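J.: Just passing along the structure, written as structure tokens.
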Amino acid sequence: MTVETESSNVDDSNQEAEPVQLLDDEANKNLPVRKKTTCCTGLKMFLAALSFSYFSKALSGTIMKSSVTQIERRFDLPSSTVGFIDGSFEMGNLLVIAFVSYFGAKLHRPKVIAVGCFTMALGSLLTAMPHFFMGYYKYETTSHTASSANLTSRINPCSLHQDVNKTLLEASKSDCEKEPSSYMWIYILLGNMLRGIGETPITPLGISYLDDFAKEEDVPVYVACLHTIGMFGPMFGFLLGSLCAKLYVDVGFVDLGSITITPQDSRWVGAWWLGFLIGGVISFLAAIPFCFLPKSLKRPAEANHDKTSSSLLANMGAITKTLTPAEPKPMKWSTMMKDFYTSLKKILSNRMYFTFLCCSLLQFSSFIGFLTYKPKYMEQQYGQSTSKSNFLIGLTSLPPVGIGIFLGGLIMKKYKMGIIGATKFAFSMSFLAYVLTLLHFFVGCENHVVAGITVSYDGKPIPYHENAMFSDCNSDCKCATNVWDPVCGDNGLTYISACLAGCTTSVGHGKSMVFHNCSCLEASSLWSGNNSVTLGQCPKSDDCSMKFIYYTVIQVISGFCYALGGTPAYMIIFRCVQPELKSLAVGLYTLIMRMLAGIPAPVYFGALIDKTCLKWGSRSCGQRGACRLYDSNAYRYVYLGLSALLRGPSYLLAIFFFIFLKKHFQNKNSRPTENGGKEDVPMNKDDNCKSKENLAGSLDAENESCI
């Protein structure tokens, strides 16, 4: 009011009216129509580029998940070691996530993201390199000598094994000294870690950039779009993993006709390296658009209008200072570090944020362990090949999740959910999904019927012990027990090798080889048919195939329900902390998830899965290799039980989080307001922050953290 009075009193004075006119002209210069169009274009370009980078990082991550079994077999590693390799991605994040999230927000965010994408590409290429420096894959078999000798008939597996036994032992000693693949898996670990470093800035800097320069009501939709497009990454990643798993690891370099194993065999290794090469190229392409995007964009039209009018009101009393605004001084590193410590202390002392963090930690630990070994679970539990497991995950599990994430964002916008409403919706959907996943316990399959391991040679169930591999029917063969070269008998039993099946002759070459006159089939009291066996394990029963369909249906429904609450849950992080701490809150959240869930979860999941192994493979050195056969029942209870035990307590923490949240915002809105204390008020608290700081005459740079 004082400003208007002064202006009217000096209406006849051209000299005093002149600064006001200059201010109006200056304001008009700051809001041209052409710049507004550029802003919209820049925001759309950034959203498109960020969406592609989300697709890229999800694709590369999924290729690693889909290749876990292949890497385990190729390098003869236990599941715990493979879990450690998979967790190296989180280690890379751990190294830089906190500093990138905090200091990256003060730098050129699009260019920082571009550097991250280039680093991801380099990491993917490094992961694939061991394949080109290793020899051809040599799987354990007792029939390779017959194949290489081109002897296609009248081969006695028993006498063949006896003749070659000493030669194999002598050769293994020399192989131990110069085996090239012993520690090549370390390069995969380093490449995965480098990819984790590169992925670090994409989420915290990308989301905070959108949250700074987009309208508040559009942010949930943008986040939903990002995650929906990002879901295409896992979908295509698993489909690509399925295609690569069908191709033999040394495709193009070996005679595939001489290969005696199929993709259903537990020794099969697909072209795991091909997926990483493709993922590296896509990550490189994702980096290019960010190199041409600006450091900052103009605020939404409403925010600019409020900011301009309030700035005029605040600055009319100090006209000379407004005409020559002072530029903000660059902050010193010591000041930034002190500010970082203060901000970190504020976040960790926030009860709502800390409770939500603990709740998410349990959920994420369960999720990451479950996803890492999901393809392997489908292989071991339901007898599916690696290729088919990856294909079904990409085709049936992920599309419903992507649809659920997108619908969750639309529901949040349509019903204008406040933070309390979003919390109710998110945790209700998560709990419903949890209850549905418990049904997985009832749709498992029984063990593979393997003579000498799960059943006797008569077909009766037995407890596992080493001596059971021998019987009267194969006592004259003197077979080795450390070799896994399974054959399927016409009686439906799987034998560890043709030698242990008591076979005396073989016909055919490669995958078509058939063994005849197998004495152990004659020993079966319930069998009176042909005494022949073929290469590979016997398939599981038709009842198991039906249970696999039930498993898939449960997985689709539970995944969709969980994804519906994904976007509201993600937005809770932004709304339960101060606006200026959004980037750090997301970065710290990601840091804790990587450090306490992403790294250890695959390791202890893998270690417990290793405990359920019934038959280990053997390396050329005679050392223990990858597991060939698991106890299906024990595997199911360990894998599903550990996941359920981790998720269960998280819902108890969710109750405490909701109590803290409701208490906080009820106290905050206890005084009368024009909104009537509705729960939607907290979602709009950024607008209050903008108004207060603008009326105080703050600089634009100081207001960035409040938008």
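Glycine residues also receive a Cβ, built from the backbone N, Cα and C atoms like all the rest.
Per TrEMBL, region 'Disordered' is recorded for 1-21, 669-707. Marked as compositional bias 'Polar residues' by TrEMBL: 1-12. What TrEMBL lists as transmembrane segment is 45-64, 84-105, 112-133, 182-198, 219-249, 269-293, 352-371, 391-412, 424-443, 548-574, 586-609, 638-661. According to TrEMBL, the domain 'Major facilitator superfamily (MFS) profile' annotation covers 46-666. Taken from TrEMBL, the feature domain 'Kazal-like' applies to 467-522. The compositional bias 'Basic and acidic residues' feature in TrEMBL is assigned to 676-693.
Can you tell me where each of these features sits in the structure?
T.: Within the chain carrying the transmembrane segment (45-64), a Cβ under 8 angstroms from the stretch's Cβ atoms is held by residues 86, 89, 110, 113, 117, 120, 124, 127, 192, 195, 199, 202, 206, 209-210, 222, 225-227, 229-234, 236-238, 240-241, 275-276, 278-280, 282-283, 285-287, 289-290, 293, 297, all 6 or more beyond its ends.
Here the transmembrane segment (112-133) has Cβ contacts under 8 Å with residues 50, 53, 56-57, 60, 63-64, 92, 100, 104, 180-181, 184-185, 187-188, 190-202, 205-206, 249, 272-274, 276-277, 279-281, 283-284, 286-288, 290-291 of the same chain, all six or more residues outside its ends.
Within its own chain, the transmembrane segment (182-198) is flanked in space by residues 60, 64, 71, 75, 77, 81, 84-86, 88-96, 115-130, 133-134, 276, 283, 594, which lie at least six positions past its ends and keep a Cβ under 8 Å from the stretch.
Nonlocal intrachain contacts for the transmembrane segment (219-249), taken as residues 6+ away from its ends with a CB within less than 8 angstroms of a stretch CB, comprise 47, 50-52, 54-63, 65-67, 70, 74, 131, 137, 206-207, 210-211, 256, 259, 263, 268-275, 278-279, 385-391, 393-395, 398-399, 401-403, 405-406, 408-410, 412-413, 566-568, 570-571.
Below 8 angstroms of C-beta separation, residues 42, 45-46, 48-49, 52-53, 55-57, 59-60, 63-64, 66-67, 70-71, 73-74, 110-111, 113-118, 120-125, 127-128, 130-132, 137, 139, 191, 198, 237, 240-241, 244-249, 251, 263, 386-387 of the same chain, each at least six residues beyond the ends of the transmembrane segment (269-293), sit close to that stretch.
Among residues of the same chain six or more beyond the transmembrane segment (391-412), those with a C-beta under 8 A of the stretch's C-beta atoms are 66, 220-221, 223-225, 227-228, 231-232, 234-239, 241-242, 374-375, 378, 384, 422, 425, 429, 552, 555-557, 559-568, 571.
Sequence-distant contacts of the transmembrane segment (424-443), counting only residues of its own chain at least 6 positions beyond either end whose CB sits under 8 Å from a CB of the stretch, comprise 363, 408, 411-412, 417, 547-548, 550-551, 554-555, 557-559, 561-562, 564-566, 568-569, 572, 636-637, 640, 643-644, 647-648, 651, 654, 658.
Non-local neighbours of the transmembrane segment (548-574) in the same chain are 211, 219-220, 223-224, 227, 353, 356, 378, 382, 384, 392, 396-398, 400-405, 407-409, 411-412, 417, 419, 422-423, 425-430, 432-434, 436-437, 439-440, 443, 445, 582, 585-586, 589; each lies 6+ residues outside the stretch with a CB under 8 Å from one of its CB atoms.
With a threshold of 8 Å between CB atoms, the same-chain residues lying at least 6 positions outside the transmembrane segment (638-661) that come near it are 351-352, 355-356, 358-360, 362-363, 365-366, 369-370, 373, 377, 419-420, 423-424, 427, 430-431, 434, 437-438, 440-441, 576, 604-605, 608-609, 611-612.
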J.: Which numbers of helix, strand and coil residues does DSSP report for the domain 'Kazal-like' (467-522)?
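T.: Tallied per class, the domain 'Kazal-like' (467-522) gives 13 helix, 11 strand, 32 coil.
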